[in-house]
Each structure stands twice: as C-alpha cells, then as structure tokens.
Amino acid sequence: MSDTPELKYTPLEEISEIHATLRKSFKAGKLRSIEDRKTQILQLAYLIQDNYERFKASFASDLGRPTLETALQLDSTISDCKIAYDRVEKWARTEKAPFSMNFAALRPVIRKEPKGVVLSISPFNYPVWLALGPMIGAIAAGNCFVLKPSELSPATSGLLAELIPKYLDSDVVRVVLGAVPETTKLLELPWDHILYTGSGRVAKIVCAAAAQTLSPVSLELGGKSPVVIDPKCDLKTAAKRIMWGKCVNAGQTCVAPDYILVPEQSEQTVIDALKEAHKEFYPSAPDMSSDFSHIVNKSHFNRLKNLLDKTSGTIELGGQTDESKLFIAPTIVKGVKGGDSLMSEELFGPILPVVPVKDVDAAIEFINSNDHPLTLYVFSQDSAFKNKVFDNTQSGSAIANDTLLHCATDGLPFGGIGASGSGYHTRKYTFDMFTHLRSSIDSPSWLVIDMALGSRYPPYTVRTFFL
Ligand code: NAD
C-alpha cells in the first residue's frame, strides 16, 4: 500500500464562482454545436490514453487495484467516449412525434436540449468510470458540467483535477475537490440536474438539499444484491462467476453479489464449489497476490471487521484481516440468518454470507422482505426457475448466470429502483438523463386548422372537432 497523497480541496469561496462561470458559458451557447461536444469528448479519450500509466499508479495507490482491473475500467471509459463520439448526432436529433391524423398538421416534434449546468458527485470505488462516464453523457447532451470526485480515492481524484483543465475547456467542465463542506456548498447552489452516485445515507442529504433549489436529482445507489442458486445449475461455473464478482475490487462494487440464498441441503455443496473457485483464483494467499485489491480506508476496514466479528455464522473460508495493509481475505460465512450483522447493511467488501432457505419460494420471500436490490442474480439452467424469481421480485437489474457484466453491456440501462436508486445511466441513457425533451409544435395559420379545431374558441357551441 503506497502513502495516501494529500488532496488540495477547492476553496469554498471559489465554488459559487465556478458555478457562475459555467452558467455564463451555457447561456453563451458553449457546447450548443455537436462538433464542439465531440471535440471535448475526444479530448477526454486522449486524457485517459495519454495518461494510462499514471491512472494505473493512482488506482494502485487508492485501492491496490490489479493492473488488469484498472485497464478494463480505463478501456471501457475510452470505449464510452468512442460510442458517444460516433452516436451523438443520432442521439441529439430532433424526433418527430408518432403520426396522428388529428395533430400531424401541427408538426409536433421533440427537441433534445441540454438541461444546462449539471453536477455529478461520484464515489471512490470506480474513480474513473463513474467520474467520466457521466461527464461524457452530459457533454454529449450539451451541458456544462461540474465533477465532485471522491475524497476517498485521492490519487485518482487529484489526477483528474490536474488533467481535466489541461485537456478540456474550463469554461464548460470543472472539477471541485473536497469532502463534506465542499459538497454541502455545491448543494446550496441551483443545478439543472444533479447525479449522485454513492450510499443511500448520503443520498438523503443530497435530496434534502436539492429540494431547497428544486434541482432534479438522479440517484445511483447500492444495497444488498442477492444471488439465488438453483442447486441443479452448473455449479462449477456459477461458483467461479460469483467469486469473481465478489473479489473484483475486493467486493467494493455496487453490484457485487452481497449474499447467497440456497436450499439448506445444498449449502455445503455450494460452499465447496466457491472454495474451489477461490483456490483457482489465488493459489497462494490473496494478500500475497497482485490480483486482489485492498479496502479503501481504515474506517471501511473497521466497519467490515466489526460486522465479521459479530456474525453468528461459521467462517468457512478466509476471515483473515491485516489493518496495516487494509487487507480482508475473501471470506465465506455459512449458516447466516436474516438478523445477522452481515445482513444489516450493504457489505461492500469481500465477505460472502450464505443464507440457507427452505426453497425458491422462501428465497423470493426473503428478497421481498428487504429493500429492492440494485441487482438480483439467479444461477439456474431452468427458465421456469429464473422466471419465477424475476417475475416475483423487483430489482434494478435481473441477471442470470453471470455477475457484473451487465454494467458494461452496450445498450442496457443501468439503475436502481426504490432504495437502490432512481434514474438510468451508461452511454445513451446518461445522455438521456442530462437531456430535456422539449415538446414543440409549429401550428400553421391555415384556415383549415381553425376549421378543424375551431370549436376550442368561445363562445362554445357544439363539439365539431375530433381529438
Ligand atoms: P459515499 O456516499 O460515502 O460518498 C459518495 C460521494 O458523496 C463522495 O463524493 C463524498 O464526498 C460525498 N459525500 C459523503 N458524505 C457527504 C455528505 N455528508 N454530504 C454531501 N456529500 C457527501 O459513497 P462511497 O463510500 O464513495 O461509495 C460507496 C457506495 O456507493 C455504495 O453504497 C455503493 O453501492 C454505491 N455505488 C453505487 C453505484 C451505482 O452506479 N449505482 C456505483 C458505485 C457505488
């Protein structure tokens, strides 16, 4: 673990000035042209490409992230830039309303307009993808954009704050560095949209502040994403995919499998398969492996250790911790019950509780007695089993036989429901989030229009037009 770099926070008095500068730019029509938006998006791709090695180092410093995981995040952000660059004309094109005999003469269209000056507050765990993904979509939609990256990933947030003014136009994109005071100051200002990605606890603070300025908010939150296992599934593959989803970034992924629901009689078989997958991934101990991240800071380390210390389940794998390295081993806990410490909050770490249930109906009941999760995973080869679970529950996404990959799948929206969030992002959906659909008609002054719609005018007589 390298030394944590000091972040130089943005002075509070500068925050209103930044907001005013961007407001002025927006009014002046900066980023109105698609070409200007594309230039900024291209610059963003160069920003990552030119500084690839520096990002690798910053990820290693913030989270001890393995090189391949970092590369995947950087490459998928570059790919998001390419997608937006190639498709922005299509996304931004004015749309004709569906044809209607009654209204066609009014030439109804939907104009895709930027919302204005928007704010994105991002978390520590995917410090490039979740900081720059919203930026790409917001710029593509023609907005001016303020990014408030996480203070918990100081190396990457500091690097973004250094590079963004070098690559992008500071009249349209700014970074505000800071923690609670700086974010509180930002939230006192009126925004044309706020995207908040983080925990439900802070989301309530964000929403309360946004209510004072009537700023619209999208929430990308987390929660406990369950895995329902059909014991007849391909257990070897399932175990590998579940363990991978749990071990990437040491479980600090919003859609990491949080816990497993399995019929009592198959609990040990599933645990044995998970242990086998773990042995394949980390033939020597994971703390010796360069393929396993550390916990972001002491406070999260202690939170997780505390939850583990209090569990009444049996540790079947792992359980080792080392505060000096912020290391928590991939840990499987057997026989966990609903009221256990490990079930009290989103784990956001490499601990995997296994909750035995009677059958699939009990699993569904268990899921429905908790908040709607961000993702619900089912491992089964049986369509009836999968459909039963999906049809009788609610969650942000419904994923069968894999983990995490839906976030990267082009064309799929990503978002929660209820306590796991509201609104959708990634690529076109991020563009949509930051776009105002402005209804427009251009009614001709032909006599025939007033004849057809004539009876709208007083004095009202008989109904002579049809709607
Ligand atoms: P967090 O809520 O602690 O912090 C997120 C952001 O909020 C940071 O920028 C932070 O500075 C700011 N913040 C913290 N306290 C604040 C306060 N009192 N007032 C105003 N702003 C404040 O979240 P985190 O620990 O960085 O990230 C983990 C959480 O994020 C998990 O719950 C995870 O599931 C969720 N998450 C969701 C998604 C998604 O797309 N749905 C993606 C990644 C993470």
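Cβ atoms here come from the backbone N, Cα and C positions, even for glycine.
If you look up TrEMBL, you'll see Glu220 (among others) marked as active site. DSSP gives Glu220 (active site) a strand state.
Residues or ranges marked as active site in TrEMBL: Cys254 (among others). Secondary structure from DSSP puts Cys254 (active site) in coil. Cys254 (active site) is surrounded by 27 other CB atoms, counting those within 10 A of its CB over all protein chains shown.
Annotation comment: TrEMBL describes 13-438 as domain 'Aldehyde dehydrogenase'.
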For Cys254 (active site) and Glu220 (active site), determine the Cα separation and express it in whole Å. 9
For a quick check of packing: other C-beta atoms within 10 Å of the C-beta of Glu220 (active site), how many? 28
